[in-house]
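Take a look at the structure below.
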Amino acid sequence: MGGGVSYVGWLEKSETEKLLEYIEEISCASDQVEKYKLDIAQLEEDLKEKDREILCLKQSLEEKVSFSKQIEDLTVKCQLLEAERDDLVSKDRERAESLSAEMQVLTEKLLLERQEYEKLQQNELQSQSLLQQEKELSAHLQQQLCSFQEEMTSERNVFKEQLKLALDELDAVQQKEEQSEKLVKQLEEETKSTAEQLRRLDDLLREKEIELEKRTAAHAQATVIAQEKYSDTAQTLRDVTAQLESYKSSTLKEIEDLKLENLTLQEKVAMAEKRVEDVQQQILTAESTNQEYAKVVQDLQNSSTLKEAEIKEITSSYLEKITDLQNQLRQQNEDFRKQLEEEGAKMTEKETAVTELTMEINKWRLLYEELYDKTKPFQQQLDAFEAEKQALLNEHGATQEQLSKIRDSYAQLLGHQNLKQKIKHVVKLKDENSQLKSEVSKLRSQLAKRKQNELRLQGELDKALGIRHFDPPKAFCHESKENVTLKTPLKEGNPNCC
């Protein structure tokens, strides 16, 4: 009886172990499928990671290209600044040249104005000298006229004196004639007295008359000569007076002309003085303008110098920056080229790997799809297996409880029942055992079919994945347990052995 109990316990333990092994196999198959799913998900994550790395490399390449463009833009900007610097320098140079040209023109204009002013001053001096000469000539002519008038007046006075003397002499002669007549009368009166005295007086009278005639003739001739001379002198005086009048009129006309010319010259002088003042004002304005221009030119030169220094400094700094940037750009281009080469090699490798991975992923995807299509009909079975496993686990727990209860009750029965009852109970247990064996054989056949399906699916999956795992039939081959059929069937135990 003890051997039967131990055999039943061993059988229950064997069945329980087989059931647990079956559950473990189902769990391993489910875990393997989950592992395959996780591997495929990991492969997809790796593919996404590779895509992200490719995208990062593309972004890095775009950043390097944009940085290269920025360097090119900075180079173009520096060239524009240099061109602007050159334009500013050329503009300042042109402005300085134009200002110097304007200053040269203004200087030449100022020289021309000064020359014209000097010519005007010379003309004014010449006009003043001509006017002075004309004044001196007029004064000389006036003096000559006055001296000539004085000479004429003195000659007229002399002639008048001579004529007066002649007239006085003529009056004296007439008076003498009257006296002579009186004397003749007296002589005639005295003739009577004395004949000698009369004759003497007559002779004397005759002599006196002859002398008087001579003197009268001389006086008459002198008077005629004086009259002729007076007439000539008067004619000459008239001619001279006419000439003087003509000369005076011409001189007056010339004086008027000279006055007009003088007025004109004075006006010209005034205009020239005004023009000189204007020129002086223009000169002052030009000098102030020149000073302003010189100041502006100086400021421009200073600003140009400052700008040139600033531009040189900026240019040198920009050139240094450009040199540094070019060196950095060269270094970065070299690094970038090396990195590009490395990245290109990596990209080539990655592209090759990605291509291989893509091909492999496509292959795995196709295999997965095929596997999924193939395992899709079995998914429900796997789910059913999982549910059945859970149910079996639950049933195992319940069976364990029932077994413990049955063991307890069986121990109680064996301890409290008689032999007949024990035999009946053993027969009942045998029937239940045979029934359980038939159920176990059914479950084994189902489990074998499932194992075959799982092994086939696992083989296809391993073949698709190229994975070599342990051989499940060999791993699950337990020669000492379920894989060995009993050579002799179980016999009924001897009920009398107890």
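Glycine residues also receive a Cβ, built from the backbone N, Cα and C atoms like all the rest.
These come from Swiss-Prot:
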{"type": "REGION", "residues": "150-331", "note": "region 'Required for interaction with FAM83D'"}
{"type": "CARBOHYD", "residues": "ASN262", "note": "N-linked glycosylation site"}
{"type": "CARBOHYD", "residues": "ASN302", "note": "N-linked glycosylation site"}
{"type": "REGION", "residues": "420-430", "note": "region 'Hyaluronic acid-binding'"}
{"type": "REGION", "residues": "442-451", "note": "region 'Hyaluronic acid-binding'"}
{"type": "CARBOHYD", "residues": "ASN483", "note": "N-linked glycosylation site"}
{"type": "MOD_RES", "residues": "THR488", "note": "phosphothreonine"}
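In this chain, none of the residues that are 6 or more apart from ASN302 (N-linked glycosylation site) has a CB less than 8 Å from its CB. In the predicted model, the region 'Hyaluronic acid-binding' (442-451) has a mean pLDDT of 71. In the three-state DSSP assignment, the secondary structure recorded for ASN302 (N-linked glycosylation site) is helix.
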